[in-house]
Structures are given as structure tokens and as C-alpha cells.
Amino acid sequence: MRVLLAVFAYGLRRYSTYRWATAASVVVNSVFGVINALVLLAVFETRPQINGYTAADAVTQVFLAQAFIGVTAIFGPPLELGERIRDGQVAMDLMRPVGFVRWWLATDLGRAAFNVLARSVPTFAVGVVLFDLALPAEPLRWVAVLVALVLAALVGFGLRYLYALAGFWLLDTRGVDAVAWLLGPFCSGMILPLVLFPDAVAAILRTLPWAALVQVPAEILLGRTVLPGGTLGGLAYQAAWAAALLVLGTVLTARATRRVVVQGG
Amino acid sequence: MADTVVVPYFRLAWAWCRALAQYPVSLTLLTLAQLGTTTVELAALFFVFGHVDALAGFTLHEALLIYGLTGTAFCLADLLMGSTERLGEHVRKGGFDVMLVRPVSPLVQLATDGFSPRRLGKLVPGLVALVVALGVLEISWTPGRMAMVPVLVVSGAVICCSLWVIGACMQFFIAEARELSNAITYGGYALSEYPLAIYGRDIVRAVTFVVPLAFVSWQPALYLLGRPDPLGMWPWLRYASPVVAVLLCAVAALTWRVGLRHYRSTGS
């Protein structure tokens, strides 16, 4: 456990060295937040309510989505694991006396933790300053949002771990990544809240893991969870996907390592 | 110009195309993925118009025209000049020094480095939207309007190419500014996908006079549709796209020169 904490801290410190890049990301996320928010405000101008969402709800989801980009890495970056499988350095990772999945999880949660502080908070703050967001008054809901944030980071890792793991079979994961960075933002409610999707499409997307990255956390923040059990149901949905992805990742790791061949002389 | 810029550009780009064609499956899949990225944006536009009849007074077909002009211009620029955004990486790794000693313009080398025909995939939805919109909309076609369509598309693409170069030049000063230049390029793309009137007067003024995104699709669309400007800006602005393209191109060239002069190698 101490090792994993050290790895976590190392991940956090490593990303904190790229200060300008982080500041730039906040600017980019905020710019996109403002653009998406203004588009949605124009949509809600003619219709005060769409599928239970008001304009303020939609704008709140936009900024939550932008704040979650860094944490969940929904647009990338991929785990370095994929690249290390390709060039053979994964052999080193496999020799470590620490569980393989746990090692990568600890590094990535370090990255996510840094992103919460340096990207999520300022980006969301921009939204709070510029727009009327629908923010909960009761402190308990904020706690639920924090839990949802952690679970979203776990789901984000679970998905990216599987994408990277595909490298054991495909060697080059760039194709998988390209498809992933395309599906993730669309299916999660990042590009457009799922409530604005046609009902049938939204119903399908609400059963997939990506919804746990943005749509469900946003509904937890808004207190509008459509899942049975309300907020707890939403958290349970995220937790179930996080667990399923991590278990699948562990099982597949065991299979993959049996077939790994490291090239080189 | 042709000998020093156009010919080397196509030669270098073609070399990259041939290299990528060595992995045909990968190239096809990545092209399809690129096609997907813009297709989902177009899908989002349709989903939005599933709830409303008009955005800021613009119908689905009119919005499609704007999306088509934006998508075509930006994706053409991304294809031709998108690689310039990796300038910071080249500076950091020292690769830019190598470009400076080669007998081809460094800008051409930068723009063609990693040239990727898969970006053509991105272009498809915008182009389809543009053609469909021009077909369904009842535009009062005159010979002048017809001749203006390609001029407007090229002007839009030139404006976007210039923005890409200006964005890249920021990385001469801040090597990690790639994301900042993305705010202008991809942010500009996201912004001008929709009728600009929805953003309100202040933002439209900014994207008319500061970062001239309004001339990529908004003013050209007003011209083609023959609509008055809902924000009451000068009516002659809709004819200005070609002029703005030339001016911005000059600004981009100047920025590149200033950036190049400022460039100091990363050292050991």
C-alpha cells in the first residue's frame, strides 16, 4: 500500500510540473464551456424546458463536463501502458513486485487528483462566475458530487486501461484510441447532454459505461437522477461500472501476460 | 512561389501519404475515426434542431449551410496546415533546427511534417452538409452568387490556415502553448458551427474584428441567403471575406517571420 501511495504521489507531482500546459487547458476548457453554454442557452430560449432540463441545468452540465475532461481523460491522453506494450518496456512493468493493475491505477489516480485541483476547480469556477448555474444548496449533495467525481475517475481509468490492454493483441492501440476519443465524448453527454438526444438513443447510452463519466455525475449535481434510487442509484450505477471494468481489466491482464512476447535481442 | 512553396509542399505531403499507405488497414480505420468526429458534431446539430424549429431565427437548413461552410473551411485548413500546431514539440526536441538547415521553407516542412490524408475523413460531413444545404435552400441564384461559392470556401479555408499558423507561432514564445492555439483553431471551429447570432453582440464583434471567424461562414452565409444581419452590423461586411482572407494571410506571414526571428534553439 505504501508503494502505491508513493506511486500516486509521483503521478500527482509529475503532472504538476507542466504548469503552462495546465493553465492552457483551463483556458481551452473554459472557452469550450462558454461556447457550448451559449449554444444551449439559445436552444432553451424558445423552449423553457426540455425533458425536465432547464437552461440553467444544461449550462451546469456543460461546465461539469468541461471540469471532468481532465479527471476522466475522456479525450485522452491514453495510458502510457499502450505505448509501453508496443515498444516492449512493459516487460519492466511486469517484473515489478506490485500488482500490475494497481500500479497503473495508482499512477492514473495521481494524474486525476492533480487535474481535480488544477483544472476541474478553476474551469467550474469560470462557469460559476459567467453563468447562472443550478448549484445545490445542501452540503450533502456536494459530498455526493465528490464521490461521483472519484467514481468517474475510476471508470475513466477502467476504460482507458482496457483500450491500452488491447495493445497486447493489436500491438498498435492508436486505432482503438481514435475510436475511443470519438465515442467517449459523444456517449457520455459531453458534447450534448443525453437529455437532448432522441429518447431511444439516450436510453441505450444510459446503460453504457460512458454515461458514468459525465451524464450521471451531472444529474447527481442537479438532483435529477433518473435512475431508480435517485442520487444513490446514480452512484451505484457508476460504482457498478467501475467495478465491472476493473474486474474485466484484471481478468484480461492475466490472459494477456500469458501471451506477451517481448521483442528484441 | 510555385517552385519554393507549392511543389515542395506537394512532394513532402505525397511522401507522407505513400508512407501511411503502407498500412492500409490502419489508414482506413483512422480515416473513418476522423470522419466519425465530425459526424457526431453534425448529429448533435440535428438533435438540437429536433427540439427547436429555429436557432436565433435560423432554420435547420440555414444552420446546415453555416455548418457546411465552417466544416469545409476548417477541415481543409486542418488538412493543409494542421501539422503546424506541433511546432512546440519540434522546438522542444530540437527538430526545428533540422528544418532550418534544409533547403525548403521551414513553414512548408512544418506543415507537411506528419501530413495525414486521414484528415480528409473529417472533411466529408462538412462538404456533404454544404452541398445538401445549397441544394435544399431556396437561394436566389445569380451568376455572381454561383461564382462566389468557391471564392467564399477558399477564403474561409485561407482564414483558417492563417489562424492555424498564427496559433502555431505562439509556441515560439511559449513552447507549451499548443493547447492555447487549439482554443483559437478548434474553439473557433466549435464557435462557428452555429449561427453566430446566438452568441450575442459582444462575441460577434470580437470574432469579426479581433479573430475574424465571422468571415469563415457567418457573413458568407448571410450573403448567400440574402438575409439582413440580425445583429445590425454593416451590410458590406458580407462581401469582405476574400479581403479579410488576404489580410489575415499577410498577418500570419508577418507573425511567422517575427516568431522565426525570435526563435532561439533549445540548447544542449
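Placement of Cβ uses the backbone N, Cα and C atoms for every residue, glycine included.
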Of A:56-76, A:77-97, which span is tagged transmembrane segment by TrEMBL? A:56-76
Which residues, given as numbers and ranges, are at least 6 beyond the ends of the transmembrane segment (A:235-254) yet have a Cβ under 8 Å from it? 100-101, 105, 144, 147-148, 151-152, 154-155, 158-159, 161-162, 165, 209, 211-212, 216-217, 220, 227, 229
Considering only the recorded stretches A:56-76, A:112-135, A:178-197, state which has the highest number of Cβ pairs under 8 Å to the transmembrane segment (A:142-166). A:56-76
Could you give the residue numbers and ranges of same-chain residues that sit at least 6 residues beyond the transmembrane segment (A:178-197) on either side and whose C-beta is under 8 angstroms from one of its C-beta atoms? 40, 43, 50-53, 58, 61-62, 65, 68-69, 74-76, 78, 159-160, 163, 205-206, 208, 210-211, 213-215, 218
Within the same chain, the residues 6 or more beyond the ends of the transmembrane segment (A:56-76) and with Cβ under 8 Å of it are 25, 29-30, 32-33, 36-37, 40-41, 43-44, 108, 111-112, 115-116, 118-121, 123-124, 126-128, 131-135, 149, 152-153, 155-156, 160, 177, 181, 184-185, 188-190, 193, 195-196, 213-215, 217-218, 221-222, 224
